Amino acid sequence: MKEIIAKLADFKDLSSAEMTDVIERIVTGQVAESQIAALLLGLKMKGETIEERTALAQVMRGHAKQIPTTIRTAMDNCGTGGDKSFSFNISTTAAFVLAGGGIKMAKHGNRSISSKSGSADVLEALGINLDLDATSLGKVFEQTGIVFLFAKNMHPAMKYIMPARLSLGIPTIMNLTGPLIHPMNLETQLLGTSRPDMLESTAEVLKNMGRKRAVVVSGPDGLDEAGLHGRTQYALLENGQISLHSFLPSDIGMKEIPLEAIRGGNAKENAEILLSVLQNQASPYLETTVLNAGLGFYANGKSDSIEEGIALARQVIASGAAYEKLKQLQEYQK
């Protein structure tokens, strides 16, 4: 371990094999907290490579709890969080729209990072059981086509890393890793990040993790979702190739909405916002959900363009199919 830390101190990259070995030792309890903190800090100071991020994600995913399911076309739309936007639960709300549109949604998420309510908090407020065992979660997914996987329960190996992260108190490679280590073998993914400078590299990691198609998105002002208050940037992974794109609301036929109009509240308040959107009540929350669900349909390949995805999202919500998915999850994941 000392050799690894010394290498990072000299601003030298770790090989995939070196990173794999050190993370394996960490997640099996063989490395001291102080050394883990030094590793995280060294990687941050040097700058994390695609190879290092991929190796970390592959090891962490290998130690995740496995969800038994016959479904092989799962999708997630989890973001990194930490964007300090204090928005409502955009991706969680959009997940029900995507599921209502026929996509098998395995929503991976946690409690709040930068807002008052993370995906786990708002779903708990809606009566969703966060603590079902893996077999039960697999059954929920088979029965409903949507399931929520509480990251804290899915990744027991995180307990070895968390104390070092907390002691550092700064963003590290781990902040970028959560959406990459989904317990299932996802086919497609929409991943939000507050770091527009990492769109392409994150798409490369998703490619290395086996995604067939994906969109990595960063909204205006560092929002880790698509936004209607400025230019949204995204990387598209398609047919093994990665391309960079951006759009303004007017480019996709939508009106600009200020960030202040989509502020959220606590878990109970955000649950009420989620319900209002799924019940098709006109609001900035509805428009923002439609945008992100539309981008999700495009990321999945269900639509051929973002505009087509937006139209599909409106149709799914208006039909009641998205709200029906929430009711199914409340019935089966309880």
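Placed from the backbone N, Cα and C atoms, the Cβ positions cover glycine too.
As annotated by Swiss-Prot, 5-phospho-alpha-D-ribose 1-diphosphate binding site applies to G79, 82-83, S87, 89-92, 107-115, S119. Residues or ranges marked as anthranilate 1 binding site in Swiss-Prot: G79, N110. Positions annotated as Mg(2+) 1 binding site by Swiss-Prot: S91, E225. Per Swiss-Prot, anthranilate 2 binding site is recorded for R165. Feature annotation from Swiss-Prot assigns Mg(2+) 2 binding site to D224, E225; the stated evidence is sequence analysis.
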For G79 (5-phospho-alpha-D-ribose 1-diphosphate binding site), the same-chain residues 6+ apart in sequence with C-beta under 8 angstroms from its C-beta are S91, P179, L191, G192, T193, D224, E225
Cα of H108 (5-phospho-alpha-D-ribose 1-diphosphate binding site) to Cα of the residue listed as 'anthranilate 2 binding site': how many Å, rounded?
20
Give me the CA-CA distance between N110 (anthranilate 1 binding site) and S87 (5-phospho-alpha-D-ribose 1-diphosphate binding site), in Å, as a whole number.
16
When you tally the Cβ atoms that lie within 10 Å of each candidate's Cβ, which of the binding-site residues (H108, R111, R165) has the highest tally?
H108
The one of S87, S91, N110 whose CB sees the fewest other CB atoms within 10 Å, among these binding-site residues
N110
Return the count of C-beta atoms lying within 10 angstroms of the C-beta of E225 (Mg(2+) 1 binding site), excluding that atom itself.
26
Length of the line joining the Cα atoms of S87 (5-phospho-alpha-D-ribose 1-diphosphate binding site) and the residue listed as 'anthranilate 2 binding site', in Å:
25
Rounded to a whole number, how many Å is the Cα of R165 (anthranilate 2 binding site) away from the Cα of R111 (5-phospho-alpha-D-ribose 1-diphosphate binding site)?
16
